């Protein structure tokens, strides 16, 4: 007998380990919903404003009776929690993804309705602001995905964003050309990448340490030049020409989403293209196959004649260029001038988006949007005035980040050689 | 294609790994490179494949001198290699792995995955492999992964194919199939270099044999030479290939495992519903191909696995749920399968390594202070008793040879008052002399009247030591059979067949 037919009774099977993490998490949020509905009821109507005055197609604001809406939503939340517990208890499956999405949307609706009782929620404003906050996160996350897929942990996203913002402001002010500012942002961030790449790939210094040090270095450098050079001469050195808003005909007239997505500057349009391109290139092209091979099993790549060090070096540099665009968004679009430490930790949130998105460009983008939304929600609620203390609301984006990364992702698998230097023996 | 190596010399610092090695492989021949672990076989092949640069010597293909600056050059010249540790990206599909490095693309670099699939199908049809180009490599059995490696080499039109210890991870049946594939390749005109230290395989498939010892070619042998002749050439002296052991004198059931299951970090059962007993004064060998749950089983016994269900009792005392410390205190001696990773602290001295498991109290620690004098005397005695070849007890363990490192581990584990001895892959990577020593010690432990468990993937070792043999396959025990069960039956059981597993 030369062929073997495995006839053994034992098969590699997945142990259905009942993880109660998801139902417990849902339970906590459902409880919060119940508190909104019954213990601290809010009365009156909540007005959801759906379009601003600038739009061609006007939608009438929708008024929702606060208390009954919150009660209905809370009961649904409890039901979903029960459903999730049922899934886990019946050992059939883990809690499905659609449940997480429905639950999140429902909870947000309940929360917004309750918080804004007798007030108005400006839905377009909420979404526009969310996207604005998401743009740097998404560029940062895309750079992180490319870099980590190639096997280099990129903690320096924060530094790259900040240096990109600084370079764009400086060059954009001097040349009066926003496009040159954009190029400068990319170049600036690539310079940060070069340092990261050189130390971690060539000199095998711990990638996390180099990244952290680079963040501190960039913060120090930009702060120094900001106060010594930019501030004294702000009119000429920190006054870049911003990109113009370019509404896309027809698309920008779509109710609600049109103005949010398609009445933007070129940087945001670049982002749409970049998300698709990074995804496509990573999974469909030779470049992507080699990048992933180098990040998963560098020795295998080496033995088929792929240079691990140069692949990693150039991919980390490319990642820097992409992050740089995100930096330019601060100074050439949304803010319009450089400020000390203006990225304020966005790079770290982007890093969380990379992990939450499981090193996938599309998922990381969605994660970036979620984090952007959470951040903006906090400021919108601050403006309309909410019963929740504003200091407490400031925690919201970070609570969402921790909850998302720790609670919902579960065990996610990083590229196998992520963070490990390749030492050719 | 004819391959010729002339005077290849490769040094690592002061160590000469290859010393003026000459080798000629004629077209369409299977040329075996035989030698012990550490003899320099793999180094030589890495030089050939362009991974290392030789200090001296040249490589000729069809009488033309080649200059390789990397594996890419070697591949273009027609050299392919099936590595001992597969050079496959686990999360890629078969087709992606095969095309990696020489991808067919359109003008803008988009992969032509259809072409890669067709290529995999074409080659796998030619050799009668049944391989799905879209299967993810990590989901495939090891034997099939090896075929992917072969396809990968052939897809680059390799005409010299190097197999580096290809049978280490295979079942005996898979090994037979690999031999058949090698013959088939030879018939189609491929030259094959087959690196191994297993005598049986050499004699079965080789056309010519070159024996390497300590980095030098010590001679050629014919495939008709006996095992003893080949072994003595390889080792440099006459060796005894059998283990002296008296019949076992088993006592009561001392160690009982009941319905043991282990779940790993990915929520998979790696050990499932395993039950067996070991009697006092008996060696139970656990056979099986690497990665069928043996590692996790031994770790579960020692308390190193976090998610364990079922029961493990030693002399009636339950071990599941105990900390490692308390398992050791119950009298368990353990030789881990990777001595450099789990058995020793390389930077520590021999003496320090000898007391690693007894750092909590007397005799080596009193009131929190090390008793250096006691330790010194103890270490000196063990150095002598276990014939550890080192400059002294303060030599760092990392500087010792593999055999001497293993002796340090054995000395530590066997110097306590044991109620159970577990040895996992105790002779992996050791030279023949050290193997003899380790085997003697294992038998001595048995004869002292305690239950002994030996986990090994080498059938030779299993049959040499075992009083009874348990065969593991995919996390379960296929059967427990007497120690004199024929290799063929064991081989089938290692592939999961229950036939013959009566006892």
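Yeah, the Cβs are placed from backbone N, Cα and C, and that goes for glycine too.
Marked as transmembrane segment by TrEMBL: A:24-43, A:69-90, A:97-117, A:123-145, A:152-174, A:180-201, A:208-226, A:261-282, A:313-330, A:342-359, A:366-386, A:392-411.
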Handout entry: Long-range Cβ neighbours of the transmembrane segment (A:180-201) (under 8 Å; 6 or more residues past either end)
Key = 143, 152, 154, 156, 159-161, 163-173, 207, 210-211, 214, 218, 240-241, 267, 309, 312-313, 316-317, 319-321, 323-325, 327-328, 331-332, 421-422
Problem - Distal contacts, the transmembrane segment (A:342-359) - CB-CB under 8 A, six or more residues away - result: 136-141, 143-145, 148-149, 154-162, 165, 215, 323, 326-327, 330-331, 335, 365-368, 371, 397, 401, 404-405, 408-409, 412-415
Practice task
Answer with yes or no whether the transmembrane segment (A:208-226) touches the transmembrane segment (A:97-117) by the criterion of at least three Cβ pairs under 8 A, sequence separation 6 or more.
Solution key: no
Practice task
Answer yes if the transmembrane segment (A:208-226) and the transmembrane segment (A:152-174) have at least three CB pairs under 8 Å among residue pairs 6 or more apart in sequence, and no otherwise.
Solution key: yes
Practice task
Output the single range from A:24-43, A:123-145, A:261-282, A:313-330, A:366-386 maximising the number of Cβ pairs under 8 Å to the transmembrane segment (A:152-174).
Solution key: A:313-330
Problem - Close approaches to the transmembrane segment (A:261-282) from elsewhere in its chain (Cβ under 8 angstroms; 6 or more beyond its ends) - result: 131, 135, 138-139, 142, 145-146, 149, 182, 242-248, 251-252, 254, 288, 291-292, 322, 325, 328-329, 332-333, 360-362, 365
Completion exercise
Per the Cβ under 8 Å criterion, with at least 6 residues separating them from its ends, the transmembrane segment (A:313-330) contacts 135-140, 142-144, 146-147, 149-150, 152, 154, 157, 160-168, 181-182, 184-194, 196-198, 201, 267-268, 270-271, 274, 278, 291, 294, 338, 342-343, 347, 350
